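Report on one structure; see the data block that follows.
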Amino acid sequence: MANPLYQKHIISINDLSRAELELVLETAAKLKANPQPELLKHKVIASCFFEASTRTRLSFETSMHRLGAAVVGFSDSSNTSLGKKGETLADTISVISTYVDAIVMRHPQEGAARLATEFSGGVPVLNAGDGANQHPTQTLLDLFTIQETQGRLENLTIAMVGDLKYGRTVHSLAQALAKFNGNRFCFIAPDALAMPQYILDMLDEKGIPWSLHSAIEDVVQEVDILYMTRVQKERLDPSEYANVKAQFVLRAADLQGARANMKVLHPLPRIDEITTDVDKTPHAWYFQQAGNGIFARQALLALVLNRDLAL
């Protein structure tokens, strides 16, 4: 069967069908069980981070190296022609695309990754996060982690907590889990950081149940996944940040009565929203989740850059 992801841009999680999501997750599981250090031996991949990143950049670049690819790029756009000389993003991508086989890109501006696809000359662009919009590869590692810990992606109750307005990870994850049957969502956020209406409308259109709550304790005993997010200081004015940052904090005591297999996930970095005593509980799974980023991103790179992938 032909690989449907070969040479495909991955900008939004909505660029992937349910079958394609399942293909990525199946490939990730195979690569986790059976590493392929020469799979991308003759490929060159650009890692272009116009915005600060630790986990996503290092995870992507580690994935590239562990598949044998050569990696070029930057982690600080202020030292590029775009930052120092005023070159446009369009021209930057037009040039980079002549050097490489794929472009992994993070940018603070919503829509920048989609714009890049118009100037990449057919070289696939993988979105590593564009502003508060989309973060599809984080969603892939989230799905991989949920499937590993719960044994399924259907018939789950998922609580999302914290910054649901600017937290691009929860937007992408809600859209992805909406492709699977029987899921239910609980949203716990201050009014100023509520889940965007377009996500709620999407769930309504698909007939997927969701509910709003004011406290973690309201739902902790009924959920399979508790997905925490930090309040993003860089996307709020100081007064708004001070008002909401401590409103939703998870402590170990809050997990009493939780289902035995319930897992607490977090895209990281964690600030104050999960206390360190949670780390010692069997529910804490955010560090394993981060580690799964290697395999999810390896899978995506392998599929995008190999016409016929046989593992």
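Backbone N, Cα and C atoms are what each Cβ position is placed from, and that goes for glycine too.
Swiss-Prot names ARG55, THR56, HIS135, GLN138, LEU268, PRO269 as carbamoyl phosphate ligands; from the candidate set ARG18, ARG106, ARG307, the record adds ARG106 to that same site. Note: the Cα of ARG55 (carbamoyl phosphate binding site) and the Cα of ARG230 (L-aspartate binding site) are spaced 15 Å from each other.
Sequence-distant contacts (6 or more apart, same chain, Cβ under 8 Å) of ARG230 (L-aspartate binding site) comprise GLY162, ASP163, HIS266, PRO269, ARG270, ILE271, GLU273. What surrounds the carbamoyl phosphate site, by Cβ distance within 8 Å of the Cβ centroid and not counting ARG55, THR56, ARG106, HIS135, GLN138, LEU268, PRO269, is the set SER53, THR54, SER59, ALA128, GLY129, THR169, PRO267 from the same chain. Each residue contributes its Cα atom, and for THR56 (carbamoyl phosphate binding site) and ARG168 (L-aspartate binding site) these two points are 13 Å apart.
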